[in-house]
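*Asks:* Supplied in structure tokens, the structure appears directly below.
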Amino acid sequence: MTNIVLFGKPGAGKGTQAAFLKDKYNLVHISTGDLFRYNISNATKLGKLAQSYIDRGDLVPDEVTIQMLQEEVEKNPEAEGFLFDGFPRTIAQAEALDAFLEGKGMSIRATVALEADDEVLVKRIVERGKVSGRADDQDETKIRNRFVEYNEKTAPLMDYYKKQGKYHSVDGIGTIEEITKRLSDTIDTIKG
Ligand code: AP5
Ligand code: MG
């Protein structure tokens, strides 16, 4: 089973690239951000709980996010592998994911990060905000708060996965096709 974490700052291209990689490697794509937005648009209990955090650009509390992720994995018993997008985002989430997968005889094969400079990413998100309808894309203060959250809570995961020998990164600047190629080359090397 090939379980891959697609890692990167807000706007790095995780969702864009996941759309290609899930088909190429026959993986189930799980984006916690997409799941939260689905719940918000359907006004579920989970959506109502998550909305205020997301709208501010803050991370949603770990317990809620971890449980949602686990339920999504459970819904796909036939999966050949998972492509995790936007999860884990804290050390507690990464530890919970490792323990959860281990309980199922699975593990994370690799974490592949898209690297890009903050200023490029802020421009991308501001541009997307004109059409996305995402509250957290709308003003630069919220967008920058997402980077603060990333730096404080998510960046430590690089060392977490490096210590496990699972961290790989690619340049996230270029055309979408060029970046898909870089990611695929990395994944092919890992899969052997
Ligand atoms: P989430 O939805 O995961 O948002 P994000 O991480 O901030 O990242 P984005 O989805 O905005 O960017 P992306 O990397 O997917 O890039 P994309 O492909 O869209 O999370 C939203 C919120 O939910 C969080 O802030 C938090 O509140 C909550 N949440 C989610 N997961 C959580 C967790 N695990 N724990 C706690 N809270 C959680 O591309 C961005 C833009 O750039 C697009 O317009 C795209 O068209 C464009 N683009 C893509 N590639 C290129 C390229 N190569 N060149 C030029 N433009 C490009
Ligand atoms: Mg995304």
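First residue shown is number 1, and so on along the chain.
Including glycine, each Cβ sits where the backbone N, Cα and C put it.
Because TrEMBL annotations are produced automatically, they should be read as predictions rather than curated entries.
For reference, TrEMBL lists these features for the protein:
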- GLY11, ALA12, GLY13, LYS14, GLY15, THR16, ARG128, GLY174: ATP binding site (BINDING)
- THR32, ARG37, ASP58, LEU59, VAL60, GLY86, PHE87, PRO88, ARG89, GLN93, ARG134, ARG146: AMP binding site (BINDING)
- 31-60: region 'NMP' (REGION)
*Asks:* Whole-number answer please: how many Å between the C-alpha atoms of VAL60 (AMP binding site) and GLY15 (ATP binding site)?
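*Replies:* Per the Cα atoms, VAL60 (AMP binding site) and GLY15 (ATP binding site) stand 19 Å apart.
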*Asks:* What residues elsewhere in the chain lie close to the region 'NMP' (31-60), defined as a C-beta under 8 angstroms and at least 6 residues from its ends?
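*Replies:* For the region 'NMP' (31-60), the nonlocal Cβ contacts are 14-15, 18, 68-69, 72, 85-87, 89-90, 134-136, 142-146, 149, 153.
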*Asks:* If the ATP binders are GLY11, ALA12, GLY13, LYS14, GLY15, THR16, ARG128, GLY174 per the record, what's the largest distance between their Cα atoms, in Å?
*Replies:* 17
*Asks:* Take the Cβ of PHE87 (AMP binding site) and count every other Cβ within 10 Å, whichever protein chain it belongs to.
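*Replies:* If we count other Cβ atoms within 10 Å of PHE87 (AMP binding site), we arrive at 24.
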*Asks:* Counting only residues 6+ away in sequence within the same chain, which have a CB under 8 Å from the CB of ARG134 (AMP binding site)?
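*Replies:* In sequence order, the residues whose Cβ lies under 8 Å from that of ARG134 (AMP binding site) (at least 6 apart) are ARG37, ARG128.
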*Asks:* Any of the binding-site residues LYS14, GLY15, VAL60, PHE87 with a C-beta atom under 6 A from ligand 2? Give them in order, or none.
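*Replies:* The ones that qualify, in sequence order, are LYS14, GLY15.
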*Asks:* When neighbour density is defined as the number of other C-beta atoms within 10 angstroms of a residue's C-beta, which of the binding-site residues THR16, THR32 has the lowest density?
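*Replies:* Least crowded of the binding-site residues THR16, THR32, by Cβ count within 10 Å, is THR16.
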